[in-house]
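Listed in Swiss-Prot:
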ACT_SITE  Asp406  active site, nucleophile
ACT_SITE  Glu459  active site, proton donor
Amino acid sequence: MLTKSKQDPHLNHILNARHHDPFSYLGLHQDGTQYILRLFQPFAARAWLQTASGWVPLQRSHEAGLFEWKGNTPPPVPCRIRLEENGHSWETYDAYTFWTTLSPEELYLFGEGRLKQAYRTFGAHLCEQQGVAGVRFVVWAPNAERVSVIGNFNHWDGRMHQMRVHGSSGVWEIFIPGLTSSDLYKFEIRNRQTGQILVKTDPYGFSFEQRPGTAARVTAHGHYAWQDAEWLEDRARADWLHAPFNCYEVHLGSWRRDAHGEFLGYRELAHQLVPYMQEMGYTHIELLPVSEHPLNESWGYQTTGYFAPTNRFGSPDDLRYFVDQCHQAGIGVILDWVPGHFPKDDWALARFDGSALFEHEDPRLGEHQDWGTYIFNYGRNEVRNFLLASAHYWLEEFHMDGLRVDAVASMLYLDYSRKEGEWLPNRHGGRENLEAIDFLKQLNVMVHEDFPGALTIAEESTSWPMVSRPVYLGGLGFSMKWNMGWMNDTLSYMQHDPIHRRFHHDKLTFGQIYAYSENFVLPFSHDEVVHGKRSLLDKMPGDTWQKFANLRLLATYQMTASGKKLNFMGNELAQGREWNVNSSLDWHLLDLHWHQGIQRLHRDLSHLYRQVPALHELDFDAHGFEWIDCSDSDQSIINYLRRARDGSFVLVLLNFTPVLRSGYRVGTPLAGHYREIFNSDAGYYGGSNQGNGNGLQTEAYPWMGHSHSLVVTIPPLGGVIIQPG
């Protein structure tokens with residue numbers, strides 16, 4: 001009996017956890033007229049099988065834990081067994097007597113890169129198989145000799161639940177009976193070429209244990225009762241191109257913390273953050289990545305769980321509750337999503353089955369030297385499918401209203417941040433990443449077809465053409481693109497002392513040359529208030545009064561310029577310090593009138609932007625903007641019209657010097673009475689109350705190419721919005 005393993009290579013492979021097809025040996029098999037059940041339970045002292053005539057003992061045929069039963073009549077399948085360990089006995093079913101439930105169609109579509117809902121196939125799924133409740137595990141590891149599920153249910157022993165491989169697909173599967181929600185698990189993988197043993201978390205894991213642990217957690221689905229059907233119906237019908245979009249960019253872990261400095265949960269945030277956004281007039285929130293990530297300081301941009309909300313703030317259903325509350329409050333939710341790179345943590349995607357599976361082998365294609373991360377191999381169908389399924393998952397399962405795609409420029413260019421000799425050209429000899437381009441197009445087509453009204457927004461920092469134009473017209477297919485050029489020019493201009501701004505006037509005007517080449521978002525994002533760049537307030541020149549006046553003027557310019565809007569949390573408070581991911585925003589600043597004034601200004605501008613069609617309807621159309629005068633560099637003044645689709649308009653006048661400009665004549669296309677509907681210099685905002693509060697009447701005095709004109713007061717470092725009527 002003790003020499004059996006020497007005579008049986010199958011058993012040797014089981015004992016050494018090297019069997020490529022354990023189902024061919026373990027479980028129930030027919031040998032001529034006889035049936036054999038083989039059971040490997042290394043921690044069991046004794047085992048029994050339930051047959052039609054009752055419980056019968058299994059023979060221990062190898063001291064390492066192999067039990068066998070032989071009989072002429074097959075037992076009921078799946079086979080029910082009883083095990084005894086350390087004097088304790090329990091009943092379960094033999095995992096090797098369950099049939100496969102993977103269909104050839106699923107495997108085919110996955111191999112083609114077209115299994116959009118791969119998250120319903122891969123990962124760990126609570127289910128009932130052949131009348132027995134348990135969990136089905138599926139993972140892709142084509143270069144593995146053997147894959148096992150290990151967890152708190154099998155002593156984390158890779159010999160116990162060795163999986164079934166489905167031919168050349170590289171897809172491994174096993175159903176383990178009796179497991180329940182919250183069981184922890186990983187995959188143990190033996191590489192076919194090297195014999196290296198790797199312990200990996202689930203790429204399709206739906207939730208994970210608390211840090212620093214890295215195990216995935218079996219998670220139940222489908223129990224949350226959504227209340228946002230009306231929102232989704234309205235979203236599908238909405239004309240987002242002509243609708244207001246004023247987005248509040250938020251890192252959930254540092255927006256606000258509790259009295260002990262600990263994270264607020266998704267549900268607590270729903271009850272604090274959502275009412276705040278309503279009060280402030282935001283239309284959307286953009287969440288910095290909430291997909292699972294190990295390091296706070298990565299801000300979520302080094303993702304290890306592409307299908308798992310981070311458990312820092314609660315469960316997946318808690319995040320669903322947060323999104324649901326946003327929708328019921330009329331606020332859309334955009335998820336920051338990171339398909340451009342992934343971290344090198346040895347327990348996650350990196351070298352997943354001992355080979356460069358999700359990434360390229362060659363570091364000239366497969367590594368971001370700047371970030372110390374790997375680049376996805378977009379040309380591999382299964383990798384592309386993984387990412388497409390991730391995007392689909394967040395939109396389908398969490399009702400997200402769109403994706404902000406991070407670092408698109410790094411995906412588009414093979415030579416991104418690389419020196420000569422550090423990159424490989426494409427098949428045409430160029431520097432464009434053709435596989436990434438195809439992936440992005442496929443992503444955008446999928447989102448727009450499957451989720452009507454959902455948005456895709458590109459953080460793309462180059463002049464790549466047609467990023468936000470439809471794929472059928474030759475574009476990448478994004479809904480919108482961040483206008484990094486406008487943002488950089490504007491912040492550069494604002495940091496100059498007002499006395500020198502006259503020499504940099506083109507930074508205010510140049511953006512109109514390309515403003516309608518894309519559907520642009522004007523972003524003052526988290527990237528502008530970290531890593532020594534200083535807070536927006538600290539960028540502003542001058543004394544305290546001038547700093548706050550400049551900041552009020554900057555917000556007025558952003559909210560009246562062509563393009564949708566985005567501000568990082570804290571911009572509306574006039575944070576004095578840079579953003580710190582490990583602490584809350586400085587809410588105590590609102591005890592000071594300067595900061596209170598900035599918050600009031602942001603709130604009033606947000607509501608005005610939503611209420612006045614001229615400020616949002618034609619953000620992407622040159623007909624929505626007209627320069628009245630863009631050439632007054634000597635006085636650092638610009639003024640322009642913003643128009644709505646019905647021809648109604650507002651007049652915007654901005655003064656970028658601390659000099660009061662009274663008696664300033666400006667042309668206007670319409671005679672009559674005008675009123676000031678916004679003034680950044682109002683005392684309510686902390687300003688000096690210089691303006692046009694009594695209204696204005698045009699004069700039949702041609703000016704600036706128009707038949708009529710107004711004589712206005714433009715406050716120092718201030719902006720006013722004037723409307724006919």
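Positions of Cβ are set from backbone N, Cα and C atoms, glycine also.
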Neighbour count (Cβ, 10 Å) for the residue listed as 'active site, nucleophile': 20
Distance [Cα-Cα, Å, rounded] between Asp406 (active site, nucleophile) and the residue listed as 'active site, proton donor': 5
Local Cβ density at Glu459 (active site, proton donor) - other Cβ atoms counted within 10 Å: 20
Three-state secondary structure, the residue listed as 'active site, nucleophile' (per DSSP): coil
